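Not my notes, these are from TrEMBL:
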COMPBIAS  53-86  compositional bias 'Basic and acidic residues'
REGION    53-127  region 'Disordered'
COMPBIAS  99-112  compositional bias 'Acidic residues'
COMPBIAS  118-127  compositional bias 'Basic and acidic residues'
REGION    154-255  region 'Disordered'
COMPBIAS  165-178  compositional bias 'Basic and acidic residues'
COMPBIAS  191-222  compositional bias 'Basic and acidic residues'
COMPBIAS  243-255  compositional bias 'Basic residues'
Amino acid sequence: MSRPKSNVALLTEGAKYIQRAKKARREQIEEIKFDDEARREWLTGFSKRKKAKAEEKKVRAKERDHQAHLKERREARADLRKKAAENVKSVRRAMGLEDISDYEDEDEDEEIQAGPSRQKEKIKEVEYSDEDNLATVIIEEDFDPSLIENIEKRFPDSIDDDNDEKTKEIKEIKEKPKIKMLPPSSAKLQKIREKKKEEKKKSKSMETNSERRKGRIFEAQRRTKKASLARDREGSSNSRGGKGGKRGRGGKTRR
């Protein structure tokens with residue numbers, strides 16, 4: 001009968017296996033494994049790697065040129081904005097007007113002072129209650145009507161001029177005749193046809209339903225009369241032609 005193992009032996013039994021594995025790894029001889037496919041690709045891929053490097057350089061150069069172009073455009077836009085602002089200031093000074101920058105500074109100060117109060121006014125809370133549930137809705141108003149009033153106070157003449165120009169353009173578009181580009185002879189014919197169409201429309205619009213029915217009946221009667229007259233004429237011409245044919249043959253007529 002073997003002795004039962006103590007607790008120390010049971011707990012340290014795994015350490016022996018770990019020590020053996022470490023010893024086996026230390027005593028193991030290092031091996032060099034060759035990958036034939038990787039070796040072949042390395043030896044035959046000099047030209048591929050060279051081309052890939054050249055393409056990468058081209059892409060980087062294009063990206064640098066693109067970024068430089070964008071930077072130049074940004075600088076040009078900034079210069080144009082500065083020049084435009086300077087031109088506006090010089091024109092306003094020549095006309096004896098105040099600079100816009102003064103108004104902008106005043107507006108910024110007003111916005112800073114009235115900022116929190118406006119934000120409080122913009123944000124509203126509305127409660128909707130039901131028998132079982134209660135819901136609160138927050139409404140944020142981004143529109144500020146004071147901005148429009150300030151613009152109208154500053155530039156009333158420009159707004160009126162723009163409105164007048166728009167109304168003039170609309171009137172000119174409405175007053176232009178809708179006639180296509182045609183030669184002189186065809187243009188006259190077109191005008192005559194349009195006049196006739198307008199007269200027909202007017203006459204039709206003035207007639208009532210009963211008058212239109214009477215007109216249709218009258219036209220049908222007139223057509224039937226014309227057809228009957230034409231038939232009578234054809235019959236009389238045929239009868240005359242037959243009598244003349246008998247006399248031409250030399251037949252004697254009885255008295």
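Here, residue 1 is simply the first one shown, and the rest follow in order.
From the backbone N, Cα and C atoms, a Cβ is placed for every residue, glycine too.
Map the listed features onto the structure and describe their local environment.
Residues of the same chain that lie 6+ residues outside the compositional bias 'Basic and acidic residues' (53-86) never bring a C-beta to less than 8 angstroms of a C-beta in it.
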Count the residues of the compositional bias 'Basic and acidic residues' (53-86) that DSSP assigns to helix (H, G, I), to strand (E, B) and to coil, and report the three numbers in that order.
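Computed counts for the compositional bias 'Basic and acidic residues' (53-86) are 34 helix, 0 strand, 0 coil.
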